[in-house]
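Report on the following structure.
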């Protein structure tokens with residue numbers, strides 16, 4: 001078996017008495033979509049934040065391609081190839097969609113410490129940025145300021161930014177949230193396509209999308225991973241049905 | 001964007017025109033006033049890079065303005081008194097040669113900003129404002145209590161320093177020199193604003209997470225911006241020392257920090273030529289109202305209040321009738 005791209009061992013994060021991550025073991029294999037599901041407050045976003053470097057685990061280790069990144073700052077992890085999309089969009093609102101993607105392209109196309117040339121006419125930035133916008137279907141909205149984009153378009157833009165980073169792992173925190181059924185379907189196809197480029201750790205509430213996409217699913221409840229397996233395993237797991245899926249959802 | 005370019009040209013052209021007309025009318029004092037506007041504008045452009053583009057509300061830019069001034073004052077006073085700055089381990093003499101003085105002023109300000117910024121930029125918001133103020137006050141009190149260079153009384157430069165090919169004592173020649181520096185600074189600031197670095201700095205102001213998750217440390221970007229910003233303001237301080245032929249701790253005081261901020265806010269935060277408009281307005285208010293009322297700052301306060309309440313984009317935003325930035 002291949003080595004995991006992302007490997008969490010006994011990751012624990014406590015805020016006072018609250019244990020948000022409780023000895024979590026989780027890995028992400030090359031070429032797969034690993035979905036992380038669980039009820040609200042289960043600690044999924046806290047876990048994503050620890051992987052991205054926004055939060056430091058209280059204990060445990062996080063390895064990325066074999067390298068221990070438990071203490072690495074977020075910018076360094078992004079440089080190493082961790083691309084993240086946010087539950088609440090993290091975009092520069094005054095910038096156009098294109099400029100937002102260009103900001104993410106710059107570190108990989110010569111660096112940001114260039115003080116003289118015009119960024120907007122720098123083809124080393126605009127071309128990869130346009131290509132990424134095209135993949136998510138935003139090429140006609142490239143010049144529109146983010147503040148005028150719809151909610152769904154902002155989600156697409158987040159993904160375009162992640163794509164433009166040419167990452168080794170996608171960390172996606174509820175990319176489907178607030179998308180209409182059409183949007184979700186389009187996004188599902190895009191994600192299926194993206195996993196060929198890099199594996200995806202997907203936090204998602206949209207169960208249709210999760211069951212359609214995920215190679216493996218992990219279920220988190222109260223900070224602990226209670227089950228990991230294929231879609232069928234998870235559907236059949238009585239513990240999971242009780243804790244999360246309930247009667248009507250499965 | 002087109003309208004803004006026109007606005008910038010009108011401002012810069014207006015500055016030159018006023019100086020030339022004043023020269024024709026032999027109004028030497030007016031030339032001095034316009035020179036002051038140009039110097040304040042440079043200081044403001046420096047701060048605007050940190051404040052407008054970077055969102056870094058520095059309340060300590062007087063430190064760099066004053067350091068630039070003192071760099072000129074100290075070096076030229078040594079040269080004029082024929083006293084070397086130091087003799088051991090190697091001889092360092094003062095100089096009255098402006099390009100060297102400017103270079104030293106820019107370097108000193110930049111190094112100070114590197115140290116101050118490295119610490120201050122670990123904070124944000126009100127704490128950043130207060131810590132930059134605290135650093136500037138430290139330097140201010142140091143200048144007051146250091147008798148070697150005049151202490152509280154300040155330091156006079158007997159003869160304005162020289163620039164090759166120019167008689168800098170002639171008001172118009174000195175103005176044109178300052179004006180040329182202003183044009184260069186505006187040009188560099190415009191390029192910087194549109195560059196990759198400017199784009200990243202702006203993005204970090206709008207949403208630091210955007211930049212971090214792209215693999216860029218906002219801290220590093222902001223530190224570089226802070227240093228460049230301080231260097232420009234330090235250059236303005238060097239010119240101001242030569243305009244007045246005098247430097248004093250007042251250049252380092254928090255009032256000066258506030259005034260530089262006023263140039264930026266009056267003119268339009270984040271606007272390329274905003275500080276020129278702001279500095280012009282400030283000097284006009286100071287001159288005309290100062291003649292009418294002793295406490296002219298009262299009216300400056302009213303003007304500021306008006307800008308903050310009714311014209312958020314400052315003079316530039318008001319004239320250009322836009323809310324966003326170009």
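Keep in mind that glycine also has a Cβ here, set from the backbone N, Cα and C atoms.
In TrEMBL this protein carries:
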type	residues	note
TRANSMEM	B:7-25	transmembrane segment
TRANSMEM	B:31-50	transmembrane segment
TRANSMEM	B:62-80	transmembrane segment
TRANSMEM	B:100-119	transmembrane segment
TRANSMEM	B:126-149	transmembrane segment
TRANSMEM	B:169-190	transmembrane segment
TRANSMEM	B:219-240	transmembrane segment
TRANSMEM	B:260-285	transmembrane segment
TRANSMEM	B:297-320	transmembrane segment
For the transmembrane segment (B:31-50): best-contacting stretch of B:62-80, B:100-119, B:169-190, B:219-240, by Cβ pairs under 8 Å: B:219-240
Segment-segment contact (the transmembrane segment (B:100-119); the transmembrane segment (B:260-285)) at 3 or more Cβ pairs under 8 Å: no
Interface present between the transmembrane segment (B:126-149) and the transmembrane segment (B:7-25) (three or more C-beta pairs under 8 A): no
Other parts of the chain folded back onto the transmembrane segment (B:62-80), taken as Cβ under 8 Å at six or more residues beyond its ends: 43, 46, 93-96, 100-101, 104-106, 108-109, 112-113, 116, 132, 135-136, 139-140, 143, 149, 155-159, 161, 230-231, 233-238, 240-242, 246-247, 249, 251-257, 260
